[in-house]
Amino acid sequence: MSIISFIFGASLASFIASYSYRLATNQPLMFPRSYCDNCRLILCWWQLIPILSFVILRGQCFYCKQKINFYLPLVELLSGTAFAILIIYEPLHDSIIIIFLTCLIFLASTDFFAQVIYSYYLIGLFPVAFLSVPQDYLYNFISACILAISLLLFAALTKTLGNGDIEFLFIICLIWGWKQTLLIIQISSIIMLVCFLTTHKAKLPFIPALAFTTFLSIFIQGC
Ligand SMILES: [Zn+2]
């Protein structure tokens, strides 16, 4: 059963990442079918198999040999693994997990591809609170407001955080409280430091790192 969940999770991530890319870069959502961004040739079915196609093609386009972004197989692998572990064939539980992971992958992907955040998708993260350790939500709300104000001041001074990053952390703090949120910020910052040291890019999207660490948090929270 876990293999079916893995395939479903990897396929869903592949679809969401492609949809996010087209939406964030103002391309038609449905047509043409999946194609190479470099040579514009339509990909055939076996070039669309999540993870496997990347391995078979050795990470490059079949036609023009343009390198395929490593983000796609990585997200497919993480999503497949998450579904294999978290899906327990209980309708309410699994629906919440699917909504949570779908929104997480969507938010990370639009930020990764185009530095765009569709904030209304943050609503999809809320239902996971039903599966998490019960919280004092008034306390979490006050903590989230203090955190958001602190981050807004930090962003104004350093120009290193976007509004989407702060909105994301506000929601996470509402769901899981300030301790979990600070841990997510710390681990995500280390990931960003490693990315900066390896890529030397001055501007890097923060939501993918936050989403990855949040994804790990759902295991800690016992979902
Ligand atoms: Zn190509």
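Here the Cβ of each residue, glycine as well, is placed from N, Cα and C on the backbone.
Straight from TrEMBL, the features:
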DOMAIN    7-88  domain 'Prepilin peptidase A24 N-terminal'
DOMAIN    98-196  domain 'Prepilin type IV endopeptidase peptidase'
TRANSMEM  38-57  transmembrane segment
TRANSMEM  69-89  transmembrane segment
TRANSMEM  95-125  transmembrane segment
TRANSMEM  137-157  transmembrane segment
TRANSMEM  169-197  transmembrane segment
TRANSMEM  204-222  transmembrane segment
Stretch-level contact, the transmembrane segment (95-125) and the transmembrane segment (38-57), CB cutoff 8 A, at least 3 pairs: no
For the domain 'Prepilin peptidase A24 N-terminal' (7-88), residues assigned helix / strand / coil by DSSP: 43 helix, 4 strand, 35 coil
Secondary structure content of the domain 'Prepilin type IV endopeptidase peptidase' (98-196), with strand meaning DSSP E or B: 85 helix, 0 strand, 14 coil
Tertiary contacts of the transmembrane segment (169-197), as residues 6+ beyond its ends and Cβ separation under 8 Å: 122, 125-126, 128-129, 132, 135-137, 139-141, 143-148, 151, 204, 206, 209-210, 212-214, 216-217, 220-221
Average model confidence [pLDDT] within the domain 'Prepilin type IV endopeptidase peptidase' (98-196): 92
